[in-house]
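The following features are taken from TrEMBL:
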DOMAIN    41-353  domain 'Cobalamin-independent methionine synthase MetE N-terminal'
BINDING   Lys56, Asn154, Arg559, Cys560  5-methyltetrahydropteroyltri-L-glutamate binding site
DOMAIN    470-793  domain 'Cobalamin-independent methionine synthase MetE C-terminal/archaeal'
BINDING   His685, Cys687, His696, Asp700, Glu709, Cys771  Zn(2+) binding site
ACT_SITE  His739  active site, proton donor
Amino acid sequence: MYKLSSIQCVAPFTISLCTLSFSSSSLRFSVRATSSRAMASHIVGYPRMGPKRELKFALESFWDGKSSADDLQKVAADLRSAIWKQMADAGIKYIPSNTFSYYDQVLDTTAMLGAVPSRYNWNGGEIGFDVYFSMARGNSSVPAMEMTKWFDTNYHYIVPELGPDVKFSYASHKVVDEYKEAKVLGINTVPVLVGPVSYLLLSKPAKGVEKSFSLLSLIDKILPVYREVVAELKAAGATWIQFDEPTLVKDLNAHQLQAFTHAYAELESSLSGLNVLIETYFADVPAEAYKTLTSLKAVTAYGFDIVRGTKTLDLIKQGFPSGKFLFAGVVDGRNIWANNFASSLNTLQALGDIVGNDKVVVSTSCSLLHTAVDLVNETKLDQEIKSWLAFAAQKVVEVNALAKALSGQKDEVFFSANAAALASRKSSPRVINEAVQKAAAALKGSDHRRATNVSARLDAQQKKLNLSVLPTTTIGSFPQTADLRRVRREFKANKISEEDYIRFIKEEIYNVVKLQEELDIDVLVHGEPERNDMVEYFGEQLSGFAFTANGWVQSYGSRCVKPPIIYGDVSRPKPMTVFWSSTAQSLTKRPMKGMLTGPVTILNWSFVRDDQPRFETCYQIALAIKDEVEDLEKAGITVIQIDEAALREGLPLRKSEEAFYLNWAVHSFRITNCGVEDTTQIHTHMCYSNFNDIIHSIIDMDADVITIENSRSDEKLLSVFHEGVKYGAGIGPGVYDIHSPRIPPTEEIADRINKMLAVLESSILWVNPDCGLKTRKYTEVKPALTNMVAAAKLIRNQL
């Protein structure tokens with residue numbers, strides 16, 4: 001799967017003080033470097049999709065059967081070589097390889113270990129695209145593996161399914177192949193592997209395996225494969241290897257910490273002769289984990305997130321292993337703001353005083369996977385705002401500039417420009433809106449709950465809506481066809497008139513409404529044809545937001561999102577959705593949901609300003625959404641859905657910090673709808689996360705109905721109700737996975753509904769898919785929804 005038929009060898013560039021771009025198969029990256037000599041600089045990882053989403057389009061073309069595996073591999077090879085050369089030309093010393101993936105790095109590790117669930121009928125040998133993509137996406141006969149959030153980011157990983165009977169074997173040579181590929185280009189990279197302990201801690205017991213099964217008991221079964229990989233890398237000439245062990249930032253018990261000590265002691269002889277970096281990110285490393293980490297055998301260097309893990313600095317000051325390297329993640333891999341060079345250099349110099357300047361390597365706080373690719377592609381972005389930003393390509397340059405400064409070769413011009421940009425942002429009048437600040441400050445002192453309890457509200461709503469038992473609905477979006485995307489694009493480019501655009505969108509809404517009526521769905525949606533993205537659409541109509549043309553970030557697989565940039569105070573100048581929701585409601589007598597994105601999701605799916613606490617920005621967004629909710633109600637919309645798909649992913653990685661976050665996040669949601677009538681039904685939606693540990697906060701949101709992902713995660717959500725959690729509001733655990741092209745049969749959906757009825761009252765249960773349908777085709781959506789409605793009717797009749 002990962003073999004390449006040929007590699008083009010290109011001599012490395014030598015760069016003097018300048019700004020330039022170079023091309024590799026039409027991929028352009030901007031580079032600014034001051035020397036071709038590599039300084040003590042390191043990048044944890046880099047975006048895979050390409051500056052113009054080249055990998056996305058290649059993947060989707062391959063999945064649709066329009067291009068070959070060779071075509072896909074060619075695009076991938078061009079992307080990898082462009083990235084490696086970009087870093088080499090910028091002067092980066094420790095350049096990562098194997099951070100590229102066709103879908104997900106954890107899935108790549110599953111393939112490397114040969115840990116393929118039996119339902120995919122893999123018979124050994126090198127894992128190919130067919131098995132790999134079946135695990136990721138499912139196929140016509142079997143479902144995909146579970147997908148969930150990667151720590152507290154908007155990236156999703158494919159969760160390994162493990163048990164005592166899994167036979168591990170070295171089944172994907174991708175890591176070694178990519179190391180050799182870079183070496184042919186004259187670049188000696190640092191191969192990156194998901195560390196063995198984090199891999200197991202991020203896994204789950206497979207179906208049929210006891211939930212209490214200790215995944216860490218498999219450590220001695222997977223280490224032989226890691227040894228084989230390490231041996232091949234050494235034979236190929238690797239001198240450094242990076243193990244990503246991000247679970248070290250979580251609350252781990254003594255048994256879990258002991259697994260790290262054991263694993264690296266077992267690998268010690270295999271790693272002999274290699275420099276070994278253990279990389280952590282996304283938060284502070286707790287004191288006990290720090291002690292374990294810095295005592296590991298055979299380790300040369302430790303990587304820390306100094307942006308989100310400032311408390312780790314105190315641990316380093318108290319003691320750092322003599323003679324070891326400190327990879328200091330001072331350039332933020334999770335945001336798009338330009339680095340504060342003066343502040344970062346102070347931090348680096350303080351670290352140098354402790355461990356020695358020659359032992360400090362300047363790095364990113366985490367992989368740059370979580371930020372946009374290259375600011376050079378933003379030709380229409382406001383110039384003042386643009387001067388405040390740095391995307392992945394610029395962050396590579398920032399890392400090297402800081403490394404040079406630390407070594408005494410400070411680029412005074414570059415540092416002065418950075419200081420001027422920071423000063424401009426701090427003093428810009430476009431950042432502060434005093435009326436918004438005042439309104440947000442006035443929120444203190446109330447918890448913004450609706451006046452009546454949820455059971456009384458549901459009674460009032462049922463009298464008005466008169467819904468069937470087990471009412472059916474969808475989550476919001478319907479398929480976004482090529483024609484629809486073309487029309488939106490043409491309208492944005494002023495190639496068609498507003499009149500023509502509105503006529504087309506109205507026709508699209510009419511078709512979606514009629515389809516739902518034909519399918520006999522109870523509560524309808526307008527399909528969101530006017531929306532590009534559930535966050536960007538609202539951000540474009542709110543003040544305080546800026547937008548990019550190519551600021552795409554991978555969410556999962558080929559799916560990319562383009563997060564808005566919140567640079568200032570947020571307010572709503574005028575209604576955003578009322579026209580389209582009213583238009584849709586006028587086409588049907590059935591209830592039509594008004595569709596909004598909630599404040600926490602807008603916050604968590606944006607690049608957020610870092611000059612005030614996140615909760616203050618969230619309260620501002622909540623007030624803007626509150627205005628929209630009340631305008632929808634005035635327009636006669638009686639069911640309003642406020643999606644909080646991303647509420648769970650903002651949860652801090654430490655238990656001690658969770659309550660504060662959940663308090664303001666849930667409060668923000670309640671602010672949006674605290675003023676509506678009892679007869680107005682408020683829905684919310686959440687997807688693709690582990691909700692069981694925050695179920696009480698979900699109840700505290702006080703929504704009338706919640707629709708929530710359930711089917712892809714093996715109905716894990718239902719276990720909380722088995723355990724006795726009482727839920728009195730309406731609830732719709734998803735009955736089928738929309739991220740797979742597979743069409744679930746009626747009997748399978750009916751079986752799922754029956755499982756739900758074992759723990760939930762029929763009076764509160766809704767029937768719906770896991771998530772919105774925008775990424776699917778109508779040829780998949782129509783039969784799937786037909787089966788869903790048929791299953792609901794089947795169970796109604798039985799009831």
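Placed from the backbone N, Cα and C atoms, the Cβ positions cover glycine too.
Per-residue confidence over the domain 'Cobalamin-independent methionine synthase MetE C-terminal/archaeal' (470-793) averages out at a pLDDT of 93. When the alpha carbons of Cys687 (Zn(2+) binding site) and His739 (active site, proton donor) are compared, the span between them is 11 angstrom. Taking CA atoms as the reference points, Arg559 (5-methyltetrahydropteroyltri-L-glutamate binding site) and His685 (Zn(2+) binding site) are 19 Å apart. If you count neighbouring Cβ atoms within 10 Å for each of the recorded positions Arg559, His696, His739, the highest count belongs to His739. Counting other C-beta atoms within 10 Å of each candidate's C-beta, the binding-site residues Lys56, His685 are led by His685. The binding-site residues examined here are Cys560, Cys687, Cys771; by Cβ neighbour count within 10 Å, the least packed of them is Cys560. Nearest Cα neighbour of His696 (Zn(2+) binding site) among the listed recorded positions (Lys56, Asn154, Cys560, His739): Asn154. With a 10 A radius on its CB, Glu709 (Zn(2+) binding site) counts 26 other CB atoms from all the protein chains.
Around Asn154 (5-methyltetrahydropteroyltri-L-glutamate binding site), a 10 Å sphere centred on its CB holds 23 further CB atoms from the protein chains shown. Note on proximity: of the binding-site residues Lys56, Asn154, Cys560, the one nearest Glu709 (Zn(2+) binding site) is Asn154, by Cα distance. Taking the mean position of the Cβ atoms of Lys56, Asn154, Arg559, Cys560 as the 5-methyltetrahydropteroyltri-L-glutamate site, the remaining residues of that chain whose Cβ falls within 8 Å of it are Met49, Trp552, Val553, Gln554, Ser555, Tyr556, Gly557, Ser558, Val561.
Taking the Cβ of Asp700 (Zn(2+) binding site) as centre and 10 Å as the limit, one finds 17 other Cβ atoms among all the protein chains shown. Straight-line distance linking the Cα atoms of Lys56 (5-methyltetrahydropteroyltri-L-glutamate binding site) and Cys771 (Zn(2+) binding site), rounded to a whole number, equals 21 Å. Between the C-alpha atoms of Cys771 (Zn(2+) binding site) and His739 (active site, proton donor), the distance comes to 8 Å. The two recorded residues, His739 (active site, proton donor) and Asp700 (Zn(2+) binding site), show a Cα separation of 29 Å. With Lys56, Asn154, Arg559, Cys560 listed as the residues that bind 5-methyltetrahydropteroyltri-L-glutamate, the site has a largest C-alpha separation of 17 Å.
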